[in-house]
Amino acid sequence: MWKASAGHAVSITQDDGGADDWETDPDFVNDVSEKEQRWGAKTVQGSGHQEHINIHKLRENVFQEHQTLKEKELETGPKASHGYGGKFGVEQDRMDKSAVGHEYQSKLSKHCSQVDSVRGFGGKFGVQMDRVDQSAVGFEYQGKTEKHASQKDYSSGFGGKYGVQADRVDKSAVGFDYQGKTEKHESQKDYSKGFGGKYGIDKDKVDKSAVGFEYQGKTEKHESQKDYVKGFGGKFGVQTDRQDKCALGWDHQEKLQLHESQKDYAKGFGGKYGVQKDRMDKNASTFEEVVQVPSAYQKTVPIEAVTSKTSNIRANFENLAKEREQEDRRKAEAERAQRMAQERQEQEEARRKLEEQARAKKQTPPASPSPQPAEDRPPSSPIYEDAAPLKAEPSYGSSEPEPEYSTEAAGLPEASNQQGLAYTSEPVYETTEVPGHYQAEDDTYDGYESDLGITAIALYDYQAAGDDEISFDPDDVITNIEMIDDGWWRGVCKGRYGLFPANYVELRQ
């Protein structure tokens, strides 16, 4: 042990005068009972044995809260008996004055066929007197023509015989019996009567606000001589009749408004947690009114239909079949023209070879000028250019044929039959027969249909779900079908090549 502690100076200092580590109050009294020691300390929050819950008190509280909630709903909720005029009625004070009720029965006007037209404009074949123009005259009116000036008696005029009509005389005019009185001169007037009698004044002309010479004015007292005990309402008071109605007296005691913390906000906007019905907007809806929310579902639009407008979808679907048929016909015509050009080139080469052979064999002219009848031969091909050289055949009637014509004419029968036969003098227009032409077109279409491979007709409409699929409508034609699987095939429709379900189409025989 002494070796382990060698070289170490261990010093332990004891501080007995310091504070206690537990920091216990000097006046602490441990008054914990035996039960509290067993079930936990009461000084520590949440410790100890918890008391059991009182089920009866809990049930009573729940019942009271439920009753209060139901009473509140009945008071604040809408009442079916009150609305638009009481129980199942109409509020008369809100009803439109010009509106009619369900008990109103309007009287329809009669039809023209039901109206009695004998009553109109005044009874039977007459005129309604209340609608007649006051200035209009009836048929019973007889107008009297005014007499001429030479027929009038002017002894009656302007007042009788040689007089004047009194009712037409001017009121301000005087007659010949009027005698005017001349006013007196100033020197003839008696001025003793004027302004109120003899040396007086006219009482009726005196100014009402004027005072006479007998008036004695009383001088107003000085401010020091006035008794101010009566003023503004009596002794040291205020005149009540002259007091401002909005003014407050000295006896008024102003009541201060309560603070926000002192107000009872349980009453506000219609009582306890309610709404004031008299201030509620008539057009506003309450929380009890449930409005059905519209669905936000949108139908899935296919990829191909997105690029086209909705108004043109139907027209596009109707024109797809027509465009497809026109495209097929254009392809068939192009292939037919190509084949005809190849056949035409081959025939020209064969004709040149026959001409060279005919020139080599031609050494002597024919023995007899009379041509032998030509054998009937079928048309080799529908070549329209062969009709041009054959049009000159009717002019062949001379005894010595021309060398160029004979060689050229001799080459045509050798193309079908390797024998030198002469032409007849009859015009041979039947060389380019029409049935052969149509037969060639049918052969061309048969060849084109054979190039389409396996075809099928769509029974239902199908929208492509991916980029490697195709879409089609009912009765659409699908060509070049490859049966890569039992459930999925590959083909061409509407210019697109891709997969499609096999049970949506029907194969064409």
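Cβ atoms here come from the backbone N, Cα and C positions, even for glycine.
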The residue range that Swiss-Prot labels region 'Disordered', out of 1-28, 281-308, 449-476, 477-504, is 1-28
Of 41-94, 311-364, the range Swiss-Prot tags as coiled coil is 311-364
Cβ contacts within 10 Å for Ser261 (phosphoserine), all chains included, total 5
Confidence over the repeat 'Cortactin 2' (117-153), expressed as mean pLDDT on the 0 to 100 scale, is 75
Neighbouring CB atoms within 10 angstroms of the CB of Lys181 (SUMO2 cross-link), all protein chains considered, total 5
Listed in sequence order, the residues of the same chain lying six or more positions from Lys144 (SUMO2 cross-link) whose CB sits under 8 Å from its CB are none
